[in-house]
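Working notes for the structure below.
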Amino acid sequence: MSERMSVIQGDITHAEVDVIVNAANSSLLGGGGVDGAIHRAAGPALLAACKVIRQQQGECPPGHAVITEAGNIPVKAVIHAVGPVWQGGENHEAELLEQTYRNCLDLAAANGYRTIAFPAISTGAYAFPKELAAKIAVDTVYRYIGLRPLPEQVVFVCFDDENTRIYQQLLAQL
Ligand code: ADP
């Protein structure tokens, strides 16, 4: 078990970290699932910040991420990451999910953030198989932090029992 990685079950808007990751969609303009929960908790300032980025950069493609303020959520920033939609596994879904996690870690580190919380990106509406998504998340983070000082702590926030069990097992094997 890496001391720099942990899993908790709950709502990511309550995570006590420097930065939380949102599983956004390419529009960056809000959606359901964790995206909806984050926008509800953050209030309108978050959507306004996303709209500015959207106007500047256009849509955010799968694998990419952008960073904004956090509105009313008591963290320093929100990273909006667009995971891949599962289309059967032959469309670079695994690579894109790995890239999504790496881009989030890069953004956190570049901003000097020490602690980051991830949801199980792509495992809700985007239908990525949970076991595979968790393995990619845990392996990518483990490799990344093994080479770098930041982020110091990575928390996987699982909403459902199945993801919680899967992540607990994977972290126990490290
Ligand atoms: P995606 O479109 O990337 O699949 P979803 O928001 O539909 O994004 O689901 C991603 C994961 O986030 C799912 O495992 C879902 O159970 C979980 N989730 C939903 N609400 C929350 C929340 N408030 N905090 C943390 N995780 C959440």
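Every residue gets a Cβ built from N, Cα and C, even glycine.
Feature list (source: TrEMBL):
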type	residues	note
ACT_SITE	Asp35	active site, proton acceptor
BINDING	Asp11, Ile12, Asn25, Gly33, Val34, Asp35, Ser122, Thr123, Gly124, Ala125, Tyr126	substrate binding site
DOMAIN	1-174	domain 'Macro'
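Structural mapping of features recorded in TrEMBL.
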residue	record	Cβ contacts under 8 Å, 6 or more apart
Asp11	substrate binding site	Ala37, Val157, Phe159
Asn25	substrate binding site	Gly31, Asp35, Val82
Val34	substrate binding site	Ile12, Asn22, Ala23, Pro119, Gly124, Phe159
Ser122	substrate binding site	Ala23, Gly83, Pro84, Val85, Trp86, Glu93, Leu97, Thr100, Phe128, Ala133
Tyr126	substrate binding site	Ala23, Gly83, Pro84, Val85, Trp86
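Here the binding residues for substrate are Asp11, Ile12, Asn25, Gly33, Val34, Asp35, Ser122, Thr123, Gly124, Ala125, Tyr126. Their largest Cα to Cα distance works out to 19 Å.
The Cβ of Gly124 (substrate binding site) has 20 neighbouring Cβ atoms from other residues within 10 Å, across all protein chains displayed. The Cβ of Asp35 (active site, proton acceptor) has 21 other Cβ atoms within 10 Å, all protein chains considered.
Here the domain 'Macro' (1-174) has a mean pLDDT of 97 out of 100.
Taken residue by residue with DSSP, the residue listed as 'active site, proton acceptor' is part of a helix.
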